[in-house]
Every structure is written in structure tokens, then in C-alpha cells.
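Participant: Here it is, the structure, as C-alpha cells.
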Amino acid sequence: MAKLLFVCLGNICRSPMAEFVMKSVTNQHHIESRATSSWEHSNPIHAGTQAIFKKYQIPYDSHKSSQQISTSDFETFDYIIAMDDQNLRDLKKMAPSPFKDKIVSFANQPIPDPWYTGDFEQTYQLISQGCHDWQERLVN
Ligand code: 4NP
């Protein structure tokens, strides 16, 4: 069992989407999500991401709230998965040096931020594909 941590800027749009989509794809791993920033601290999952969960019947925790990544998270998780290139750069700067190698990109392309694009469907399609790819990667 691997411990996976999905990370985006606010932890209200993309990384919680990846968290609960991945939980719907596999029950073999420990999966959580965090923010690089504290901007949305304690705020709920964005209504646009919740609408995607409902549309695709993906179970999720409606009480989950935004949490910034902590030093202990870098130690605890096996894979710290950045949703875009800025998240990747920020995480590399934030991580204590022994843990920098745990930081990887979610996919070959950055996942567009629906906070700016407004397109939660496009983000969902990329996250769904990416989560299936991760599942393949972890079983092989
Ligand atoms: P996320 O989207 O990183 O996918 O959760 C954002 C959420 C909030 C903000 C930016 C991006 N914000 O500026 O507060």
C-alpha cells in the first residue's frame, strides 16, 4: 500500500478532485490532499468540484476543508503529487531536502486550474485519465 498526497494551490478544486476520484478508482492505497498555500485554509471543496462528484457519482467527504501541506506530510507520504508545474516548483522549495525525491508531477501535462478557467469538466477528464494511469503505475 502506497501513501499518496495530491497537492494544488488552494486544495479546493483540483487536488480534492484527484483525491476522491483516485479513492473511487482504488481502495488499495492511503490517499489525501493538501494545498501549497494557506489562502483557502479551512474552506470547503469548491462547488464546481462538488458538482463533478455528483455528476459522476463519485463519493466524497462534504466536510473536507482546505489544509496546507506541513513538514510532517513530506515525511509521511510516499508520493507527493503536484497538479501543475508551479505546484511542483513550490513543493520542491518547501520540502526538507531528504524528501524532495518524493515530489512528482501528476501527469505529463499540467492540470488546468478551474479556479481560473471555470472549466471543471475539462479538469475532471484529465484527472480521471491521470488517476487511472496512476493506478496502473502503482500495480506494475
Ligand atoms: P486549486 O484552485 O489550486 O485547484 O484548489 C485554486 C483555488 C483557490 C485559489 C487559486 C486556485 N485562490 O486564489 O484562492
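Note that Cβ sites are derived from N, Cα and C of the backbone, with glycine treated the same way.
The structure displayed is predicted, hence computed values, not measured ones.
Sequence annotations record features per position, and here TrEMBL assigns domain 'Phosphotyrosine protein phosphatase I' to 2-137. What TrEMBL lists as active site, nucleophile is C8. The feature active site is assigned by TrEMBL to R14. Sequence annotations record features per position, and here TrEMBL assigns active site, proton donor to D113.
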Participant: Which of the three DSSP states, helix, strand or coil, fits the residue listed as 'active site'?
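Facilitator: Note: the residue listed as 'active site' is helical by DSSP.
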Participant: How do the residues of the domain 'Phosphotyrosine protein phosphatase I' (2-137) split into helix, strand and coil according to DSSP?
Facilitator: 65 helix, 22 strand, 49 coil
Participant: Roughly how many angstrom lie between the C-alpha atoms of the residue listed as 'active site, nucleophile' and the residue listed as 'active site, proton donor'?
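Facilitator: So the alpha carbons of the residue listed as 'active site, nucleophile' and the residue listed as 'active site, proton donor' sit roughly 9 Å from each other.
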Participant: Let me know the model's mean pLDDT on the domain 'Phosphotyrosine protein phosphatase I' (2-137).
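Facilitator: A mean pLDDT of 98 is what the model gives the domain 'Phosphotyrosine protein phosphatase I' (2-137).
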Participant: Where's the emptiest Cβ shell within 10 Å among the active-site residues C8, R14, D113?
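Facilitator: Sparsest of the active-site residues C8, R14, D113 by Cβ contacts within 10 Å: D113.
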Participant: Cα distance, the residue listed as 'active site' to the residue listed as 'active site, proton donor', nearest Å?
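Facilitator: Between the alpha carbons of the residue listed as 'active site, proton donor' and the residue listed as 'active site' there are 7 Å.
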